[in-house]
Amino acid sequence: MIRFGMGYDVHKLVEGRKLILGGVEIPHTLGLLGHSDADVLLHAISDALLGAAALGDIGRHFPDTDEKYKGISSLVLLKHVKNLLMKKGYMVNNIDATIVAQKPKLAGFILQMNKNISEVLEIDLDGVNVKATTTEGLGFAGMQEGIASYAVVGIKKV
């Protein structure tokens, strides 16, 4: 049986922070504000995986009030989510995710994001699909106030 989950995350763009997406540091003048590394892509994927397995959400598992998660790499959080799924008898089947950002252009970084995600989740590279789009200058993403990400995942019993 395949179960599906959907995830969403958004963080504000600010000066003085690194821009990390899919575990890749992207050269940019702004970075995402958050308790962890604020990787909206991995947060959306983690939320989708937790939802698919009926395990709640990332706020429940990694609260921003817990100092042990301050500045933590979201790749570490994603690995923990994978382990939670395995304990419940699930493995990741596939991921389709979209990053919504006006700038910077992300096409040159997508393959490495896909590789990072597939390696952490121990799934084939063709089971991960990350895309990037703009909002044509509309809304908070278009005005470069923040970056959002959506993710849909499929998981299956081991």
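From the backbone N, Cα and C atoms, a Cβ is placed for every residue, glycine too.
Whatever TrEMBL says is automated annotation, not expert-curated.
Divalent metal cation binding, as stated in TrEMBL, involves ASP9, HIS11; the candidate among HIS43, HIS61, HIS80 given for that site is HIS43.
When the binding-site residues HIS11, HIS35 are compared by the number of other CB atoms within 10 angstroms of each CB, HIS35 has the fewest.
Secondary structure at THR135 (4-CDP-2-C-methyl-D-erythritol 2-phosphate binding site), as computed by DSSP, is coil. Scoring each of the binding-site residues (ASP9, ASP66) by how many neighbouring Cβ atoms lie within 10 Å, the top position goes to ASP9.
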